[in-house]
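J.: Checked Swiss-Prot, it gives:
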type    : residues               : note
DOMAIN  : 139-291                : domain 'PINIT'
ZN_FING : 323-408                : zinc finger
BINDING : C354, H356, C377, C380 : Zn(2+) binding site
REGION  : 507-533                : region 'Disordered'
Amino acid sequence: MASVMSNNNNNNNNNNASYMFTNPLSNTGGGLINEIKDAINEMEQLKVLELKQICKSLDLSITGKKAVLQDRIKQFLRKSCDIGHIDPWRPKAIKILIAKVRINSSLPKYSTLWETLKTGAFKHPVASGQLPVTALQSTALPPYSQQQALAYSFTSPFYKPIVQIPDANKKLKQSAGRGCTKMKFKVSKSNHDLLKSNKSYKLYLFSGFSIPFIYETVGHEAIDFPYPCELVFNGTKLEDNVKGLKKQNGTGNPANLTPYLKVPTEMNHLDLHYLNIDKEYSISCFIVEVFSPEALLGKILKRPKIIKQATTAYIKRTLNEQDDDDIITTSTVLSLQCPISCTRMKYPAKTDQCKHIQCFDALWFLHSQSQVPTWQCPICQHPIKFDQLKISEFVDNIIQNCNEDVEQVEISVDGSWKPIHNSSAVITDTVNQNHSVKNENQGTVKQEQDYDSRNAFDTNLRNGSNHNEPEIISLDSSDDEAFIPASKSFPTHVNPRNDQLRADIFPSESEGSSDYNPNHTSTPKGSPTMDQDNYQDAFQMRSFLNQGATTNINDTPTNNSSINSFVTATNGDSRIFYNRGPSTPLLPAVLQNLTNQTEAQRNPYGPNYNTTAQDRNLLGIEGDLPPIPPVDPNSEAETELPTRTTSAAHLPPYIHVSTSGHGDDGKIRKRRHSNVSIYIPKNPYATLMKRRPQANHAIMNKTLAQTNDFNTSAQDNSEVVDLTSD
């Protein structure tokens with residue numbers, strides 16, 4: 001008789017393998033004392049934070065050290081054996097709480113869980129029916145049935161189980177090292193025919209934590225594979241993204257076995273390699289129906305929408321709460337762009353639990369969840385479920401009645417709205433929005449902000465257009481980067497520094513262009529001309545070589561100045577660019593005249609060379625400077641530059657150009673500057689750059705910058721101004 005019972009128990013244990021999850025409440029044969037000991041042993045492996053969560057569920061104090069918390073739970077468990085108060089459900093409930101806290105799952109109240117176990121309302125995670133009380137005291141589980149498999153479901157709405165494959169189930173024990181689980185199974189002909197009957201039917205391998213679940217979450221299991229792991233099915237390594245995000249449960253995806261499935265008469269082999277798993281996993285194969293994001297979107301569209309009145313009431317309540325004694329909030333801004341795709345929303349959705357009016361595109365959200373199922377709101381990061389997603393009637397009405405180019409709308413307290421145009425104008429100086437510049441030759445010019453020109457700017461720059469270009473101050477380059485010219489047009493006597501760089505930046509240029517001639521073999525070097533006929537309204541900041549010097553284009557040296565920035569001036573607004581990304585208005589268009597002054601002042605021989613009378617007048621300079629002193633390339637003596645007193649009070653405080661030159665040994669010495677600062681000497685004529693020519697004439701001809709460039713003392717006559725400071 002005993003042998004028969006033993007055989008029956010063995011058969012029942014084998015039947016347990018056909019379930020994705022076994023019932024941990026079945027191990028009660030050792031009596032209540034053994035259950036209490038097992039619960040205590042499992043409890044002692046928990047961390048302090050986990051112990052506090054258990055105590056909170058038990059309505060015990062959560063203060064004290066780890067040993068104190070453990071003693072409280074031990075005493076609570078030992079009360080199960082009090083005389084006259086035998087409680088067999090207490091250790092069972094504690095085990096469930098321990099299992100749930102190990103996977104960072106929310107814990108129910110102990111009293112609720114205890115009542116559920118006592119009344120038999122606790123459900124097996126696979127079976128759909130309720131387990132009777134007697135089932136909790138037995139080691140046997142109900143036999144496998146297809147109806148039970150059909151009742152099983154996952155938290156992911158993309159998969160609906162149809163049939164669970166027999167013998168394709170395994171449990172992965174905790175492992176401190178490498179491990180491998182092998183599984184062999186056949187798929188019957190009827191299941192093969194089922195897969196062929198519908199294209200949406202697939203054979204998938206699922207994995208999840210082998211833990212008990214209470215009635216609140218029964219029938220809904222998150223997909224989790226060991227991390228890291230590797231799957232090999234019938235000799236093929238599966239590339240499916242089953243691992244998900246590290247340390248984020250429920251972000252994995254099942255593995256698709258359908259393409260590698262063998263015929264019904266052959267055995268399928270599955271190998272799962274894993275490393276260092278601290279929890280038990282159960283893996284199982286299901287034939288499931290796969291739903292596409294578009295199919296799920298159809299379900300969302302059939303649901304009732306979040307009514308407009310609820311949204312307007314929230315807007316009114318929120319704006320009124322933000323009011324204080326000094327500031328009254330009258331409106332808020334709503335973006336019509338999806339935060340996931342950064343494109344115009346078509347199906348604005350959110351949940352009733354989200355405390356914001358901003359929505360996201362439902363279809364884009366479903367596509368993202370099909371890849372990495374985090375199931376968090378992309379705006380507030382709160383957990384959401386598929387069944388909670390709804391279309392916002394208020395936002396949907398705005399999208400339907402707005403032009404395609406509108407990206408934001410302004411919403412008033414009463415729920416009315418109006419489109420916001422030119423939404424790229426995020427930062428602007430209101431003082432400079434309508435700034436009048438007195439220009440001696442051109443009269444009075446009214447400067448107006450034109451933020452819609454951000455797209456036209458790149459086009460005009462590449463096409464060499466000098467009209468309506470925004471002013472640019474590039475502050476993202478380092479000392480070692482090559483100089484990027486601001487204008488496509490170069491005067492015939494100014495040689496581009498780097499033809500390859502210009503070809504990369506301005507692909508529209510070609511060798512046949514009238515503005516670009518790569519065959520300058522003996523072009524005089526010097527400061528760029530300020531003649532309006534050549535440069536019109538665009539000017540570049542750069543360091544300069546000697547007037548009248550010559551060099552071959554192939555020997556053109558790189559810029560040794562640490563400016564690595566350029567400024568162009570137009571009648572448009574000014575913008576600052578970071579990494580050639582989106583532009584932000586920063587400086588006024590009055591920078592045009594300031595650029596002229598800067599160019600003239602940086603000329604080592606004074607502003608009279610290649611400058612207009614207007615520039616000299618702006619600088620307060622009358623007449624011409626002395627002629628250029630002769631340059632002896634074999635002389636080690638420093639040639640003093642002609643100086644001229646002038647007033648620098650008209651220069652703005654934020655235009656300061658830091659320069660670096662050469663030491664006495666002729667080597668380049670660079671000075672690094674802030675990414676948000678531009679420098680220029682306070683009095684450039686008092687300590688302007690001095691040449692340090694090399695004695696070696698051959699070196700001079702080859703590396704002109706190292707022989708004829710200039711050195712400025714930044715410590716004596718320059719100051720640093722941070723544009724980000726007040």
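Residue 1 is the first one shown; counting continues down the chain.
Yeah, the Cβs are placed from backbone N, Cα and C, and that goes for glycine too.
Quantities reported herein were computed from a predicted structural model and do not represent experimental measurements.
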J.: With every protein chain in view, how many other Cβ atoms are within 10 Å of the Cβ of C377 (Zn(2+) binding site)?
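T.: Other Cβ atoms found within 10 Å: 22.
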J.: By a simple count of other Cβ atoms within 10 Å, which of C354, C380, the binding-site residues in the record, is least packed?
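T.: Across C354, C380, these binding-site residues, the one with fewest Cβ atoms within 10 Å is C380.
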J.: In sequence order, what residues of the same chain, 6+ apart, have a Cβ less than 8 Å from the Cβ of H356 (Zn(2+) binding site)?
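T.: Correct list: K350, I379, C380.
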J.: For the Zn(2+) site (C354, H356, C377, C380), what does the 8 A shell look like? I mean other same-chain residues with CB within 8 A of the CB centroid.
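T.: Going along the sequence, the neighbours come out as K350, T351, Q353, K355, Q358, I379, Q381, H382.
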